[in-house]
Amino acid sequence: MFTTQNSHRLPSELEVMPFILRLMEFIGLWGPPGQIVRFLAAFGWGTMIILFPKAVLGIGSARFDAIAKGIAEFIFEGSLFVATAILASKRIAFERLIDGLKEIFQRATNGPHSNDCYDLLLRQNLSINKFVKGYTIYCCFGPFVFCVPSLAASHFRYWTHSGNQSEPLIFELPMEQEFYGLQIRTNFLHYHIFVLLSLFAYFVCAYFLLVKVSVHFIMIQYSSSTYRLVALLIRKMTESKEVTQSELVDIVELHRLAYRCSTLVEQICHLPLALEFLTCILFWCLTMFYVSNNIDFNLVNVMVLFWLSLLETFGYSYLGSKLTEQADEVGAAIYDLPWFEHSVELQRYYRLMLQRVQRPTGITGAKFFVVQLATFGSVVQMSYSYYLVLKEALTMI
């Protein structure tokens with residue numbers, strides 16, 4: 001359990017993900033529990049506009065490249081909605097994590113080396129703010145970028161169509177799907193009704209993606225920073241002429257809190273990350289197949305989703321490796337101490353931290369694999385291998 005110290009309030013520049021918490025509150029994932037109806041309404045809208053038609057009504061095309069594109073889109077959107085629902089179900093663990101991070105930051109910035117800890121956390125928050133602002137802009141324009149190419153192509157075809165009945169007018173869809181009996185590929189009015197309703201659904205997806213990716217990225221980054229703080233305090237302690245028991249006890253407690261926070265991060269992230277890595281293999285495979293066979297307006301839509309998936313998967317892998325490295329850095333800092341010169345009482349505290357360091361620290365995918373850069377390389381290689389197998393199998397049909 002964490003006990004937030006009210007006697008020392010964090011300055012605004014060191015607050016724990018304030019912008020993301022406001023975004024979560026707007027959608028109902030933070031703040032009063034009754035606001036969860038906002039999330040349920042947005043979740044239901046996206047499901048009825050995108051997921052349900054694809055899963056039940058079908059893709060609406062007999063071409064395999066269009067089917068591959070439709071399945072890839074369903075995989076991307078389906079994993080997004082499921083991962084966001086998992087995040088919503090981890091509300092209690094997430095609240096405990098926020099409290100734990102606040103307590104660690106308060107302890108670190110209220111201790112003997114508060115200036116160094118303050119500078120470390122300030123640099124981190126500035127980097128996080130830059131990432132969040134950039135990713136927010138990307139997600140805000142994403143739905144428009146997703147719809148405009150197909151809409152422009154459809155209008156160009158409509159206004160330049162010669163009216164020859166032997167060449168039916170076919171509109172370009174942002175996503176391959178059917179839509180509740182409407183003739184969205186051939187009827188001008190039905191097409192615009194579909195695009196308008198879909199645009200709002202795409203904004204829901206963009207909002208979910210912004211919250212999901214930002215929350216997971218920042219949680220892992222903050223967890224790494226807690227271990228950086230512990231390692232920093234240990235190294236600063238070695239510069240002192242005398243190591244006091246009270247100072248060492250504070251560091252041991254800070255290390256315990258850091259380990260508890262990383263455990264909560266693992267508890268919140270392990271299922272969404274497993275889903276992301278497993279589905280991205282199929283998504284990338286089908287995307288590569290579509291791109292290798294089609295160079296048209298829909299390529300923009302496909303690449304928007306592809307780069308989002310690539311950035312997300314690489315980010316998890318990089319941050320997972322960084323978390324493991326920072327946790328191991330605590331052990332290296334302890335070993336660098338002249339512990340053999342200290343009293344038996346102090347050595348007992350060193351032993352407590354060393355025992356904790358020896359436990360594996362990192363992020364896993366449903367406890368089956370460790371999320372790190374090597375995992376990202378394996379996923380890329382596997383996706384390309386499956387793409388080659390799929391392409392070879394279809395050429396033989």
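Just so you know, glycine gets a Cβ as well, placed from its N, Cα and C.
A Cβ distance under 8 Å defines the sequence-distant neighbours of the transmembrane segment (39-60), meaning residues of its chain 6+ beyond its ends; these are 27-29, 66-67, 70-71, 73-74, 77-78, 81, 84-85, 88, 175-180, 185, 197-198, 200-201, 204-205, 207-208. Residues or ranges marked as transmembrane segment by TrEMBL: 39-60 (among others).
The transmembrane segment annotation in TrEMBL covers 135-156 (among others).
Positions annotated as transmembrane segment by TrEMBL: 189-210 (among others).
Tertiary neighbourhood of the transmembrane segment (297-319): same-chain residues 69, 72-73, 76, 142, 145-146, 149-150, 152-153, 172, 174-175, 209, 213, 216-217, 220-221, 224, 273, 276-277, 280, 283-284, 287, 290-291, 363, 371-373, 375-376, 379, selected by CB-CB distance under 8 Å and a gap of 6+ residues from either end. Annotation source TrEMBL lists transmembrane segment at 297-319 (among others).
Same-chain residues lying 6 or more positions outside the transmembrane segment (368-389) and placing a CB less than 8 Å from one of its CB atoms are 273-274, 277, 280-282, 284-285, 288-289, 313-314, 316-318, 320-321, 324, 362. Here TrEMBL flags 368-389 (among others) as transmembrane segment.
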